[in-house]
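What follows is a single structure, written as structure tokens, with notes after it.
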Amino acid sequence: KYISMESGRRKGLSGVLSSLSLLCVILDLQLDGVLGATHVEIEQHLEMGRKLLAAGQLAEALSHYHSAVEGDSKNYLTYYKRAAVFLAMGKSKSALPDLTRAIQLKPDFLAARLQRGNIFLKQGNTQEAREDFEAVLQRSPDQDEAQNQLMRANELEELQEEAHAAHHRGDYSTTITVLDRVVELSPWDPESRELRAECYIRLGDPRKAIQDLTPTTRLRNDNRGAFLKLSTLHYDLGEHQESLGHVRECLKLDQDDKECLSRYKQVKKLSKQLDSAEEHIQEERYQDAIDKYESVMRTEPNVLYYTNKAKERICFCLVKMPAMAIDICSEAHQRDPRNINILRDRAEAFILNQDYEKAVEDYQEAREFDMENNEIREGLERAQKLLKLSRKRDYYKILGVNRSANKQEIIKAYRKLAQQWHPDNFREESEKKEAEKRFIDIASAKEVLTDPEMRQKFDSGEDPLDPESQQGGGQGGQGWPFHFNPFESGGNYHFKFHH
């Protein structure tokens, strides 16, 4: 029985081995077919990659080179060609591993060595660059490009040492001068740009620091430090939206980064307040806007830009609400004397307060700072007209009302003054003559200021009742609004005012 079972097992094992042998033969045959097809496909991918690369369709070309590398991981040329596409796309970091692999597969492949050395040089890695150029020259001593690039690598190393020495002794101007050449030789080196940015910050030129730091966010894989510094620089310049954008990029790299999170909360809060304040101004909710700008000053009391900006915009709002406008604008002007917006707004506040001489002075000062600004030029012309006009008749002064007074306030002031200066109230002839003149002026002021069209003309610097202005009106004796003078022909008049 035992022999019978053993015999059965042997037969079974023999059958399995026979089946496996047959399967291997079949797989070999199939594998040969697959390998043959793959070789053709690789050639097709390489050809398509070449054509697309020549046509400038880099992303599509790269896709074909990916497929070629996957199909044959032992072909050094395929890696080299894919590296060329990466370089054409500006992705030098991605090109480096392909060039290194090509060199590993074929150590005497000088073109790959030279290309890799060039990348190392542009990245500021002088030691690695020198090794590649020397390896090329060892096999091909007359290779001109390798000789020139080796000289550049040596020059770059000397310049890097010189820049760091100048920075160490605090000579930031010299450091920048040396780094200008360093960056020219190694434009893909983030360290040299970061060092130059620091020098610009030390010398008080944040704009140039921003220009240097911006590319470093792409030159390093995780450059949260650069994003944070960019956010701070833009914030200090008053560019809160740009600041917010950079700190968000920092949080994309690490949402738990404490410094970036703290900066984000501060910028977000301030940005929201600034945007909200401007929305209130658009909606003519000036007091709400003032409250928001006061919140801005509490949120960020240490950055001068935001304090000055808040004072400027509060000044603007108060011009729309005349009370306290001049005081606030004057404080803002002391902080920022060359700000033409503040001078313009204070000039408008002076106009509202009927102080035309000071309005002219502010507009003239603003004009000195910006001769090309049409708004300032037009404002000055209007203020000069109003000043000239005020030396004749100022209807607001005659009635004793503000320039922002509404129709109801104007009529109320008119009735009170007309009753006070009615000629019937005076007995002496000289007093009656003065009262007549005042009474006519009061009536004229009421006519002009209660008529929207006439009031608009007066506000723009014209007297609609002045015959010299040729604007119509002003008919009858001394500009009497009802086209007759009730005080002529013996003074037969009996006006009474009832309330």
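Glycine too: its Cβ is placed from the backbone N, Cα and C atoms.
Among the features that TrEMBL reports, signal peptide is placed at 1-36. As annotated by TrEMBL, repeat 'TPR' applies to 76-109, 110-143, 340-373. Per TrEMBL, domain 'J' is recorded for 394-462. Annotation source TrEMBL lists compositional bias 'Basic and acidic residues' at 451-460. The region 'Disordered' feature in TrEMBL is assigned to 451-483.
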Chain residues in Cβ proximity to the repeat 'TPR' (340-373) (below 8 Å; excluding those fewer than six residues from its ends, i.e. six or more beyond): 311-312, 315-316, 318-319, 322, 325-326, 329-330, 332-333, 379-380, 383-384, 386-387, 390, 394, 396-397, 402-404
Mean of pLDDT values spanning the domain 'J' (394-462): 90
The repeat 'TPR' (340-373), counted residue by residue under DSSP: helix, strand, coil: 27 helix, 0 strand, 7 coil
